[in-house]
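Chemist: Below is a structure I'd like to ask you about.
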Amino acid sequence: MPAGGFVVGDGQKAYPGKLTPFVLFTCVVAAMGGLIFGYDIGISGGVTSMPSFLKRFFPSVYRKQQEDASTNQYCQYDSPTLTMFTSSLYLAALISSLVASTVTRKFGRRLSMLFGGILFCAGALINGFAKHVWMLIVGRILLGFGIGFANQAVPLYLSEMAPYKYRGALNIGFQLSITIGILVAEVLNYFFAKIKGGWGWRLSLGGAVVPALIITIGSLVLPDTPNSMIERGQHEEAKTKLRRIRGVDDVSQEFDDLVAASKESQSIEHPWRNLLRRKYRPHLTMAVMIPFFQQLTGINVIMFYAPVLFNTIGFTTDASLMSAVVTGSVNVAATLVSIYGVDRWGRRFLFLEGGTQMLICQAVVAACIGAKFGVDGTPGELPKWYAIVVVTFICIYVAGFAWSWGPLGWLVPSEIFPLEIRSAAQSITVSVNMIFTFIIAQIFLTMLCHLKFGLFLVFAFFVVVMSIFVYIFLPETKGIPIEEMGQVWRSHWYWSRFVEDGEYGNALEMGKNSNQAGTKHV
């Protein structure tokens with residue numbers, strides 16, 4: 001059976017342009033939107049392993065921790081209230097991403113980023129001053145609203161601002177910011193946990209104000225994308241901005257294509273309903289399946305619950321937080337590898353290599369934990385070398401994710417949608433991501449209690465399934481201009497039956513013909 005298709009040669013446009021300091025600055029600032037998501041992932045798992053935090057808000061979990069070593073280690077964190085604390089954010093992000101789609105389309109990408117920063121800042125302040133569990137959950141819900149807006153707008157912003165030759169690397173800046181946010185949070189957790197008096201968790205949770213202010217202030221100074229400006233009728237300003245972004249005077253070909261795509265977009269009255277049309281079947285499939293599979297790698301439970309997990313396998317609180325810092329450092333370093341390789345090696349290669357690496361590591365970790373913990377979850381005293389082996393393979397697993405499904409799970413969906421469905425489709429991507437992050441966060445601690453080490457084998461099974469899916473159905477998108485992506489689907493062995501020549505890209509043909517007519521006239 002043929003694998004994914006590749007588009008090369010004749011039909012492909014090459015818009016003029018270079019990587020200017022201006023576009024680099026705007027993409028770096030916009031990518032900082034990932035800090036708020038990453039900081040939350042890193043900070044929450046850390047504070048839930050701090051005894052003072054658990055004693056104040058989740059006393060039943062704290063009491064389980066204080067029991068002797070005969071306690072089933074798999075089940076010591078199984079608490080409905082603790083689960084609600086962690087997972088409420090993702091449900092809120094799901095709801096806000098649906099609203100953010102309309103805001104992003106009608107008012108621009110920048111305004112959505114601004115809303116995201118403000119809402120996240122409010123949630124961080126409530127959590128930092130929380131005195132009751134309900135305050136923690138309200139704060140988490142506001143954090144989720146902020147993340148929903150930011151995750152909707154930032155990947156679109158980066159894909160639209162970046163020159164097509166550098167789109168992969170610049171878009172992965174979002175994932176790099178997520179990993180940096182995770183690492184910073186884990187380092188802060190390690191030091192704040194040592195504060196006498198047991199109030200360090202307040203600094204950890206309240207510290208989320210800093211990344212929130214970065215994206216809030218950043219969104220005030222950033223320009224909107226030419227695509228978004230054209231979509232809102234600001235043609236002259238968009239052309240001027242496009243010249244500055246690309247660093248060349250002749251942007252007529254790209255501009256005409258953007259205008260043509262915008263005209264087709266404006267002819268669509270119901271973008272949500274339009275997503276169900278046959279010609280958008282490949283886009284809708286990827287918008288759903290890529291974020292679905294991204295969460296079923298198990299990465300968020302590893303990063304989110306890393307301190308809890310390391311505590312479970314025999315580390316002290318300090319050692320578990322430090323081990324989480326190590327995995328966070330690996331996460332950042334491996335994401336840099338992805339930035340280097342995504343526009344050289346392609347998306348498919350990284351997806352498949354990362355999947356293979358994660359599969360091997362999950363099998364090894366399951367075997368190691370199963371051999372020592374058995375099914376009753378009472379390992380006794382773990383040798384230091386044994387714990388180091390487990391952490392090493394978890395780090396290799398994190399690296400495999402960080403240069404594959406981590407960044408590409410945001411990059412590929414954001415670059416494959418035509419303008420007329422782009423905002424709605426990106427909202428689907430964010431919503432699916434948050435739905436399954438919520439579900440997995442909701443059931444992870446219970447699954448760990450019941451499936452024990454077999455939980456890692458469940459995630460390993462899904463890694464096999466998703467790798468097969470990528471091999472068969474995902475075409476290579478490296479080096480294709482964002483408004484020319486229709487070629488990818490028309491050339492694919494399977495998706496070509498849904499996306500026919502006469503059915504897709506008519507607006508771009510109009511733009512091409514308009515550009516040629518203008519050239520002849522001159």
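Glycine residues also receive a Cβ, built from the backbone N, Cα and C atoms like all the rest.
So Swiss-Prot lists these for the protein:
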TOPO_DOM  1-22  topological domain 'Cytoplasmic'
TRANSMEM  23-43  transmembrane segment
TOPO_DOM  44-79  topological domain 'Extracellular'
TRANSMEM  80-100  transmembrane segment
TOPO_DOM  101-117  topological domain 'Cytoplasmic'
TRANSMEM  118-138  transmembrane segment
TRANSMEM  141-161  transmembrane segment
TOPO_DOM  162-171  topological domain 'Cytoplasmic'
TRANSMEM  172-192  transmembrane segment
TOPO_DOM  193-202  topological domain 'Extracellular'
TRANSMEM  203-223  transmembrane segment
TOPO_DOM  224-289  topological domain 'Cytoplasmic'
MOD_RES   Ser252  phosphoserine
TRANSMEM  290-310  transmembrane segment
TOPO_DOM  311-321  topological domain 'Extracellular'
TRANSMEM  322-342  transmembrane segment
TOPO_DOM  343-348  topological domain 'Cytoplasmic'
TRANSMEM  349-369  transmembrane segment
TOPO_DOM  370-384  topological domain 'Extracellular'
TRANSMEM  385-405  transmembrane segment
TOPO_DOM  406-427  topological domain 'Cytoplasmic'
TRANSMEM  428-448  transmembrane segment
TOPO_DOM  449-452  topological domain 'Extracellular'
TRANSMEM  453-473  transmembrane segment
TOPO_DOM  474-522  topological domain 'Cytoplasmic'
Chemist: Take the topological domain 'Extracellular' (193-202) and count its residues per DSSP category (helix H/G/I, strand E/B, coil), listing them in that order.
Modeler: 3 helix, 0 strand, 7 coil
Chemist: For the transmembrane segment (453-473) against the transmembrane segment (349-369), do we get 3 or more Cβ-Cβ pairs below 8 Å once near-sequence pairs (under 6 apart) are dropped?
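Modeler: Yes, the stretches contact each other.
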Chemist: Below 8 angstroms Cβ to Cβ, which residues of this chain, lying six or more residues outside the topological domain 'Cytoplasmic' (162-171), approach it?
Modeler: 15, 17-19, 23-24, 27, 31, 155, 246, 339-340, 342-343, 347, 407, 410-411, 414-415, 478-482
Chemist: Per DSSP, to which secondary structure element type does Ser252 (phosphoserine) belong, with helix, strand and coil as the options?
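Modeler: For Ser252 (phosphoserine) - judged by DSSP and reduced to three states - the answer is helix.
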Chemist: Flag the pair the transmembrane segment (203-223) / the transmembrane segment (322-342) as in contact if three or more Cβ pairs fall under 8 Å (sequence separation 6 or more).
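Modeler: They are not in contact.
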Chemist: Report the listed stretch (141-161, 322-342, 385-405) having the maximum count of Cβ pairs within less than 8 Å of the transmembrane segment (23-43).
Modeler: 141-161
Chemist: When you scan the chain for residues with a C-beta under 8 Å from the topological domain 'Cytoplasmic' (406-427), skipping those not six or more beyond its ends, what do you find?
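Modeler: For the topological domain 'Cytoplasmic' (406-427), the list is 97-98, 100-102, 104-105, 151-152, 155-156, 158-159, 167-168, 171-172, 174-176, 178-179, 227, 231, 258, 261-262, 264-265, 267-268, 271-272, 274-275, 280, 282-284, 286-287, 290-291, 293-294, 299, 331, 335, 338-339, 342, 347, 350-351, 433, 474, 477, 482-483, 485-486, 488, 504-505.
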Chemist: Taking 141-161, 322-342, 385-405 as candidates, which has the most Cβ pairs under 8 Å with the transmembrane segment (428-448)?
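Modeler: It is 141-161 that shares the most Cβ pairs under 8 Å with the transmembrane segment (428-448).
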Chemist: Counting only residues 6+ away from its ends, which parts of the chain sit with a Cβ under 8 Å from the transmembrane segment (385-405)?
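Modeler: Here the qualifying positions are 175, 179, 293-294, 297, 299, 302-303, 306, 310, 313-315, 323, 326-327, 330-335, 337-338, 341, 350-351, 353-358, 361-362, 364-365, 368-369, 372, 466.
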Chemist: Can you tell me how the residues of the topological domain 'Cytoplasmic' (343-348) break down into helix, strand and coil by DSSP?
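Modeler: DSSP classes over the topological domain 'Cytoplasmic' (343-348) add up to 5 helix, 0 strand, 1 coil.
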Chemist: With a Cβ cut-off under 8 Å, give me the same-chain residues at least six positions beyond the ends of the topological domain 'Cytoplasmic' (101-117) that come close to it.
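Modeler: Hits for the topological domain 'Cytoplasmic' (101-117): 30, 33, 36, 146-154, 156-157, 160, 212-220, 222-225, 228-229, 231-232, 271, 423-424, 426-427.
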Chemist: Measure the Cβ-based neighbour count of Ser252 (phosphoserine), defined as the other Cβ atoms within 10 Å of its Cβ.
Modeler: 15
Chemist: As a quick check of your reading of DSSP, tell me how many residues in the topological domain 'Cytoplasmic' (162-171) are helical, how many are strand and how many are coil.
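Modeler: Split by secondary structure, the topological domain 'Cytoplasmic' (162-171) comes out as 8 helix, 0 strand, 2 coil.
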